[in-house]
Amino acid sequence: MTTTVPRFRAGVAPFAPRRVELDLAKGALWAQRLRGPFALACTSGSVWLTREGDPDDVVLSAGGCYRGADQGLVVVEALATAHITVSRDGFSGKMRQLLAALRQHWLVVVSLLSLYLIWGSTYLGMHIALETLPPFFMGGTRFLLAGGILFAALRLRGEASPSRKQWAGAALIGALMLACGNGFLAIGQRRGWVSSGVAAVVVTTMPLWMAVLASASAFRARRAGREGATAAPTRGEWMGLLVGFTGAALLHLGGAMGGSGGGMLLMMLSPFAWALGSLLSRSMDLPRGLMASAAQMVAGGAVMLSLSPILGEAIPLEPSYRSLAALAYLTVFGSIVGFSAYGYLIRNTRPAIATSYAYVNPLVAIVLGIWLGGEEASATTWLAALIVISGVVILSVARARPSSS
């Protein structure tokens, strides 16, 4: 039942009523001495609220809610024609708050575990998919399917379609990050140059390449007289680069990375291309949020499928069930679920938490490669992985600290 309050209404209640609905005219006052936990929600209009014992006044707009636990006089003034509800907020209300908090933290934990386990396992998934599928055909199919599904879901949700300029930018970024970054790595795994665990360690050097490219950008800015355009690397960042690339060199010197000199160059170009694409994406007109990921996967997948016959890859007529299952896993979990979880973490946690997968994935990939893939990891591989991860951590900490200059 709704009570209309044209001007002023006051009363005393031994506890907050189970539920009272009030229509307040503009300027109307409602005062009540409530004892016990209560919730006051403004469903339309706006109200000003003050409460005995609370030094801060509150303004509630439509959808706002105020909760109190102790006794005291509550005064509400309608700043505009408003509708409010007052109800008890006892055990059930506290449980709702607890469940809401648990739900939020639960989603963060699930998203983090998804990135740690799923993205850490994609290297083994690629290893299995490449048993009977050629690298660019496999990658192109994976990203085109994943991007198409994600694009369709976002369009059904009401997201705007990218413009022609944004599609062109997505094609360039997709070509660098997926066709070159992922494609070169797939070639290395297909030819047996690296195991799935070592491939993950190679990819972990991407932040190091990002710092190198940023340093080059800072140097060019200073040469052009734009001193404040880009900050030069600090000593801590240079230390992180030195440590990280020492670990990468140890991978090669220790025999963890096989292949010729050209093969080595191709493997190191993988994280370099990914870093270059990431850096360029900051200054390009791209869609926002997950739509950018969808457009880049669609465009990058199309580029990879176009390059597949040019590189002499034959269309597999009888791929194994293992490879097809791995391809499905990479498409659904590695791309769609992974990017969705990453997007949620970026929006709801600190960047340091969202990007922490970079430190965990190599270790997950090495363990899964040994456990499920029958691979071997020497002491040199473990040492190199820890050194590379340490370099990335040093670099991240140095970036987080304010520059003394």
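Placement of Cβ uses the backbone N, Cα and C atoms for every residue, glycine included.
Listed features, source TrEMBL:
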TRANSMEM  106-130  transmembrane segment
DOMAIN    109-215  domain 'EamA'
TRANSMEM  136-156  transmembrane segment
TRANSMEM  168-187  transmembrane segment
TRANSMEM  193-217  transmembrane segment
TRANSMEM  238-257  transmembrane segment
TRANSMEM  263-280  transmembrane segment
DOMAIN    263-396  domain 'EamA'
TRANSMEM  292-312  transmembrane segment
TRANSMEM  324-345  transmembrane segment
TRANSMEM  357-374  transmembrane segment
TRANSMEM  380-398  transmembrane segment
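Per-residue pLDDT, averaged across the domain 'EamA' (263-396), gives 85. Nonlocal intrachain contacts for the transmembrane segment (106-130), taken as residues 6+ away from its ends with a CB within less than 8 angstroms of a stretch CB, comprise 138, 142, 185-186, 189-190, 195-197, 199-200, 322-323, 325-327, 329-330, 333-334, 337-338, 341-342, 344-345, 348-349, 353, 356-357, 360-365, 368-369, 372-373. Between the transmembrane segment (324-345) and the stretches 136-156, 193-217, 292-312, 380-398, Cβ pairs under 8 Å are most numerous for 136-156. Ranked by the number of CB pairs under 8 Å to the transmembrane segment (263-280), the listed stretches 136-156, 168-187, 292-312, 357-374, 380-398 are led by 168-187. 193-217 is the stretch from 136-156, 168-187, 193-217, 357-374 with the greatest number of Cβ pairs below 8 Å to the transmembrane segment (380-398). Stretch with the largest number of CB pairs closer than 8 A to the transmembrane segment (136-156), among 168-187, 292-312, 357-374: 292-312. Taken through DSSP, the domain 'EamA' (263-396) splits into 105 helix, 0 strand, 29 coil. Non-local neighbours of the transmembrane segment (168-187) in the same chain are 126, 130, 135-136, 138-139, 143, 162, 199, 202-203, 266-267, 269-271, 273-274, 276-278, 280-281, 284-287, 292, 295-304, 307; each lies 6+ residues outside the stretch with a CB under 8 Å from one of its CB atoms. Taking DSSP states H, G and I as helix and E and B as strand, the domain 'EamA' (109-215) has 89 helix, 0 strand, 18 coil.
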